[in-house]
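K.L.:
According to TrEMBL:
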{"type": "TRANSMEM", "residues": "21-42", "note": "transmembrane segment"}
{"type": "DOMAIN", "residues": "33-488", "note": "domain 'Major facilitator superfamily (MFS) profile'"}
{"type": "TRANSMEM", "residues": "100-119", "note": "transmembrane segment"}
{"type": "TRANSMEM", "residues": "131-153", "note": "transmembrane segment"}
{"type": "TRANSMEM", "residues": "159-187", "note": "transmembrane segment"}
{"type": "TRANSMEM", "residues": "199-221", "note": "transmembrane segment"}
{"type": "TRANSMEM", "residues": "227-246", "note": "transmembrane segment"}
{"type": "TRANSMEM", "residues": "295-316", "note": "transmembrane segment"}
{"type": "TRANSMEM", "residues": "336-357", "note": "transmembrane segment"}
{"type": "TRANSMEM", "residues": "364-381", "note": "transmembrane segment"}
{"type": "TRANSMEM", "residues": "387-410", "note": "transmembrane segment"}
{"type": "TRANSMEM", "residues": "431-456", "note": "transmembrane segment"}
{"type": "TRANSMEM", "residues": "462-484", "note": "transmembrane segment"}
Amino acid sequence: MGPVHDLGTNTPRNKSIRKTVFSFKTYQAIVLLLTFFAYASYHATRKTTSIVKGVLDPRTTQLGFSSWTRSYFLKTQQKEQQHSKLQNGWAPFDGVDGTAMLGQIDVAFLAMYSLGMYFTGHLGDRVDLRILLTVGMVGTGLFTTLFGAGYWLNIHSFYYFLVVQLLAGVLQSTGWPSVVAVVGNWFGKSKRGLIMGIWNAHTSVGNIAGSLIASACLSYGWGWSFAVPGILITFVGLMVFFFLPVSPDAIGIEKEEYLLKSPEKDKMTEPLLEGKPDKEDKAISFFAAWRIPGVAPFALCLFFSKLVAYTFLYWLPFYISDTAIDGEFLSDSTAGTLSTLFDVGGVIGGILAGHISDRFDARALTAACFMYCAIPAIYFYRIYGSASLYCNIALMLVNGMLVNGPYALITTAVSADLGTHSSLDGNSRALATVTAIIDGTGSVGAAIGPLLTGYISAKSWGAVFIMLMGAALVAGLLLTRLVVAELSTKLESVKLKTAGTGSLPEPNLVAHVV
């Protein structure tokens, strides 16, 4: 064990150490802020399409407005929807096949996003993450704006909008592997679940901000609902290019400068890996990343978890407007506003899941428990969500918390854990690839869920909720082996502690699964 430094003394050496630690924590704060706003801007541009659908599709003009008593904010949303500019469809989406065309665009976007994730993640371990992230954000801003440009250029070709969304999906896939890898480079394993749970609020913040920005711009023409988020993500992308430090090494901070053997040493300042300094890391192959213990079950679990989450994301506003709540129907605008509460619950769930998994050092057990608890929550929302507005809100928040909790945990802390697994022997160039594999597989489920819902909901919403409950059950079951491994490790630790050996094995969510 190295020497213990007394940071209370004012020797030149200790002054230098304190300055280095302070600088390191400052860089950590910068990384969290920049990556937070970076991915929030990704989601803001992604959310725009769902808000503008009601304007492109003339079904909006057929909606009546309920006389049910509502808050001032919801009344304001209704008045905005009645604006004359919002009641005209846009060819080719104003025909009988308009809804189907919009659905095809959604599926195309998600398909290219999930496919692109595998390639961009693999690329992220081989190029400068700052450059990759900047290109992705500026490119996303460009194609988001080009979609909106169809309004000013009077474009009515379905294939124009389809191609733009296909390319936007590819560029959006650069975001998640890049930001997780950058955050993973700066934060150690202690409290990683809690830190990333709070940080993961960017998804919900982006969804909410995107909804509000797009809604506010609609009265000026639907093109602005795309152009403004496109400009914003481009601006944030430039900030990333100029100010984001992708790793301590990239700015010249050496391990020995901040890995202090002192009473104040905090694992938050530990690098994720303790590789050999004279060994040059080589990027891991795609198939080798799949063989890392735990990657496959978590990736498949996320497939079903995101299937549930994205079905809520894309269809919850429509379901709310299509379901009588206390005997009354809500408008599309009101339903869209209420649906943001699902994201609010998601923020709470991500933080809670991260904290619990840190507290008990049990990522798989936490994720599985959340998914199992989501099953009765989904059932109750279907049965009792229509009883009253307040009941609907409460159950929506609970569902958001339980569905998005494991989704947030797996895509952040779990991905970072697996990307720095002990089997990699200190190789730090696997994080983006592993993150991309897990989230890319999950994104396939995100595309399939809303697609199936479009067909099933035409016959029965009850069948849709059965599908969601079944997916949540499968997601939990896929983690069974990892849960058993975690529980076995806990029991072994208790036995050793009881025996008074004083030597406890360090729990690890996948260390004992080979």
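The count begins at 1 with the first shown residue.
For all residues, glycine too, the Cβ spot is worked out from N, Cα and C.
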K.L.:
Decide whether the stretches the transmembrane segment (431-456) and the transmembrane segment (131-153) have at least 3 CB pairs under 8 angstroms, with pairs required to be 6 or more apart in sequence.
P.N.:
no
K.L.:
Is the transmembrane segment (462-484) in contact with the transmembrane segment (100-119), using at least 3 Cβ pairs under 8 Å (sequence separation of 6 or more) as the test?
P.N.:
no
K.L.:
Note the mean pLDDT of the domain 'Major facilitator superfamily (MFS) profile' (33-488), expressed as a whole number.
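P.N.:
Averaging the confidence scores along the domain 'Major facilitator superfamily (MFS) profile' (33-488) gives 81.
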